[in-house]
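Asker: What follows is a single structure, and I will ask about it in a moment.
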Amino acid sequence: MGSKPNAMKNVVAMAAVSALFLLGFLVCSVSGSVSYDSRAITINGKRRILISGSIHYPRSTPEMWPDLIRKAKEGGLDVIQTYVFWNGHEPSPGKYYFEGNYDLVKFVKLVQQSGLYLHLRIGPYVCAEWNFGGFPVWLKYIPGISFRTDNGPFKAQMQRFTTKIVNMMKAERLFESQGGPIILSQIENEYGPMEYELGAPGRSYTNWAAKMAVGLGTGVPWVMCKQDDAPDPIINACNGFYCDYFSPNKAYKPKMWTEAWTGWFTKFGGPVPYRPAEDMAFSVARFIQKGGSFINYYMYHGGTNFGRTAGGPFIATSYDYDAPLDEYGLERQPKWGHLKDLHRAIKLCEPALVSGEPTRMPLGNYQEAHVYKSKSGACSAFLANYNPKSYAKVSFGNNHYNLPPWSISILPDCKNTVYNTARVGAQTSRMKMVRVPVHGGLSWQAYNEDPSTYIDESFTMVGLVEQINTTRDTSDYLWYMTDVKVDANEGFLRNGDLPTLTVLSAGHAMHVFINGQLSGSAYGSLDSPKLTFRKGVNLRAGFNKIAILSIAVGLPNVGPHFETWNAGVLGPVSLNGLNGGRRDLSWQKWTYKVGLKGESLSLHSLSGSSSVEWAEGAFVAQKQPLTWYKTTFSAPAGDSPLAVDMGSMGKGQIWINGQSLGRHWPAYKAVGSCSECSYTGTFREDKCLRNCGEASQRWYHVPRSWLKPSGNLLVVFEEWGGDPNGITLVRREVDSVCADIYEWQSTLVNYQLHASGKVNKPLHPKAHLQCGPGQKITTVKFASFGTPEGTCGSYRQGSCHAHHSYDAFNKLCVGQNWCSVTVAPEMFGGDPCPNVMKKLAVEAVCA
């Protein structure tokens with residue numbers, strides 16, 4: 001995944017590759033059970049329309065994986081796609097880690113056990129809004145290295161790790177050619193735009209990477225995404241919000257979409273993006289309509305950036321991504337259900353879709369049909385209305401069809417509509433965070449960091465140092481400390497005009513302490529990580545200690561020349577307003593300390609937390625910077641996902657039983673425009689936004705599997721100052737459920753009943769409502785059959801309303817976990833307005 005959706009898409013085509021390289025392709029294609037042709041990926045000789053979804057194993061827990069995979073399969077997926085995260089698997093050179101939520105083999109085997117395929121994106125560059133793009137930071141310090149180009153040291157390391165992963169998969173017989181689930185692999189990632197910048201070295205590197213990958217003999221095809229000149233036999237694939245315009249670079253390669261972006265990432269300081277289900281479905285249907293055969297949702301489950309894995313910088317801890325399965329693993333409705341219905345409709349068309357290319361038929365200025373036919377007589381059609389503002393009535397095959405704005409109707413038999421991308425049959429679930437009562441409340445203890453105690457663990461040198469090279473990314477924190485002598489005759493001591501301290505930093509945030517007191521803070525943003533602190537500071541006669549806590553908020557994950565990236569206070573650092581004018585502090589002696597004292601003592605762990613004396617009760621200070629807080633609690637009953645509400649805190653990090661939930665920063669409020677958003681029209685990452693003026697992220701996921709029945713240790717490090725008494729444990733659950741369905745809305749169930757011959761008359765659709773596990777429908781908040789207006793949570797009656805609209809739901813739904821009601825006039829006391837297109841809107845409360 002790249003952070004720049006509009007990067008250049010067209011790259012100069014490459015020259016032909018060697019005969020040996022082509023021979024590798026021929027061996028793979030002929031002998032392997034997975035191959036491809038111009039139309040699709042073929043498995044055991046059979047063309048397949050494949051629906052895939054990204055689930056990144058480190059962004060959830062092993063205990064969550066089976067349920068996530070099950071829900072993905074239930075949602076209609078054929079394939080799970082994941083990156084491989086090099087920095088998680090090789091944290092230091094030659095020291096590998098494949099345990100816990102980095103147990104890649106276990107994850108792949110769970111996918112296999114579910115009956116799904118897997119697309120393994122080895123990279124090993126992943127971008128993914130992941131720290132340093134997935135590269136281990138130690139790569140920076142290999143002599144002569146230059147990342148992602150024709151560079152010997154880099155290529156040697158890349159080949160070594162890629163070979164390690166491939167051999168691991170082979171040893172477990174996990175490639176499809178061995179009977180395993182892996183049907184595709186990916187080498188590199190979104191390299192095309194960078195290759196264009198680099199020129200010849202970039203093209204040489206692309207050719208080398210492709211040849212190296214194919215030479216590993218996996219027996220399955222390799223993919224490169226956003227790589228228009230991917231050498232044969234590599235398939236070049238598309239990433240984006242829409243990919244219907246895309247064509248592979250050779251006529252004998254299939255049209256693949258490796259990243260269909262289901263939403264966008266959240267950044268600290270930014271609103272929360274979302275993508276309407278109708279537009280997501282529209283983009284996928286349009287891709288399939290125009291010849292696409294493989295589509296992967298990025299993300300299908302986004303999950304959580306635990307620990308310090310978030311990149312960016314400034315990527316939030318939540319990687320929810322508005323995915324069909326939310327950060328906690330719950331179905332996001334209606335997106336999950338609407339896409340499930342889409343996948344079922346596409347699969348009904350598969351016999352015709354895989355038979356060849358479509359015939360295009362214009363139906364109007366903004367309307368067209370794409371028709372697929374097979375030699376055996378199968379016929380499927382996609383009717384599209386690209387007008388974002390108005391309905392269209394079109395004629396096709398001697399029938400008339402009404403197409404909503406910006407929508408596509410799917411006709412598996414070239415006659416009957418079973419699905420329209422703008423007509424949502426799935427329920428909408430409104431979620432809430434409910435405070436979990438903790439017996440006796442959370443009783444906090446506190447320990448305050450003191451920069452003056454760092455001398456024994458520090459080093460001193462003249463001038464300013466770069467942060468990443470100094471910390472080696474072992475901590476977010478680096479102290480810059482120096483002394484400033486102020487003469488007693490300085491004018492500001494008498495007139496009260498404070499001297500101004502100016503500190504320039506390459507990123508990402510800083511807190512400035514003068515003589516042990518917090519003087520102020522400054523921070524950048526994802527779009528502008530560099531920052532300047534400029535403020536009047538309270539100095540006294542004699543020696544003054546300036547201590548700057550420089551903070552990294554995730555290392556960048558996208559861009560060229562990783563080896564050159566920097567962070568921290570690079571200067572200049574200066575004082576203005578002294579008798580002598582400006583005093584440059586940059587080249588005097590500075591003392592440095594990597595990390596916090598609390599980190600070196602492991603205060604976040606069960607054992608380390610007992611190594612210092614903690615303040616209790618009335619001695620626990622509020623709004624105090626550089627403070628560690630700890631408390632214990634018992635695990636709440638039930639299975640509902642849990643989170644901590646950090647709304648009362650500023651910025652820092654959180655741990656549960658020694659495991660990091662990630663960075664918290666609720667004090668960074670979201671800046672943006674959260675106006676009403678329509679599903680119609682071209683989507684972009686800033687089109688649909690929530691949370692403007694509020695915390696970018698308030699709640700932080702607590703995996704249930706990290707908890708013990710009692711005595712769970714919660715530790716918070718707070719940089720700015722907050723009120724720990726405002727921290728609460730919450731559970732995520734369904735608040736209310738809604739359905740919004742037209743009287744004659746097409747459904748797959750009704751189509752299949754007709755096709756089976758079990759019924760021979762038109763059938764009305766049904767409204768389905770279901771609360772969460774353990775919940776029941778308690779009340780019907782709103783119900784109207786007629787012309788209701790508004791959206792879920794804010795419905796209102798229109799000019800036409802059936803007065804008995806509530807009756808069926810009160811009778812069939814109240815007291816039940818789930819229910820279904822036929823959307824027909826007789827269910828609501830008769831037709832309230834004949835000759836008017838009616839619909840049902842209902843909202844029911846769950847508890």
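Quick reminder: no glycine exception, Cβ is built from N, Cα and C everywhere.
I grabbed these lines from Swiss-Prot:
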SIGNAL    1-32  signal peptide
ACT_SITE  E190  active site, proton donor
ACT_SITE  E259  active site, nucleophile
CARBOHYD  N469  N-linked glycosylation site
DOMAIN    761-847  domain 'SUEL-type lectin'
Asker: What is the number of other Cβ atoms found within 10 Å of the Cβ of N469 (N-linked glycosylation site)?
Answerer: 14
Asker: Can you give me the Cα-Cα distance between E190 (active site, proton donor) and E259 (active site, nucleophile) in Å, rounded to a whole number?
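Answerer: So the Cα of E259 (active site, nucleophile) lies 10 Å away from that of E190 (active site, proton donor).
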Asker: Just to verify a number: CA distance, the residue listed as 'active site, nucleophile' to N469 (N-linked glycosylation site), in angstrom, no decimals.
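Answerer: Taking the Cα atoms only, the residue listed as 'active site, nucleophile' lies 33 Å from N469 (N-linked glycosylation site).
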Asker: Within a 10 Å radius of its Cβ, which of these active-site residues (E190, E259) has the fewest neighbouring Cβ atoms?
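Answerer: Relative to the other active-site residues in E190, E259, E190 has the fewest Cβ atoms within 10 Å.
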Asker: By DSSP assignment, list the helix, strand and coil residue numbers for the domain 'SUEL-type lectin' (761-847), in that order.
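Answerer: Tallied per class, the domain 'SUEL-type lectin' (761-847) gives 12 helix, 31 strand, 44 coil.
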Asker: Give the three-state DSSP assignment (helix, strand or coil) for E190 (active site, proton donor).
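Answerer: Where E190 (active site, proton donor) sits, the three-state DSSP reduction gives coil.
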Asker: Could you give the mean pLDDT over the domain 'SUEL-type lectin' (761-847), rounded to a whole number?
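Answerer: Mean per-residue confidence for the domain 'SUEL-type lectin' (761-847): 97 out of 100.
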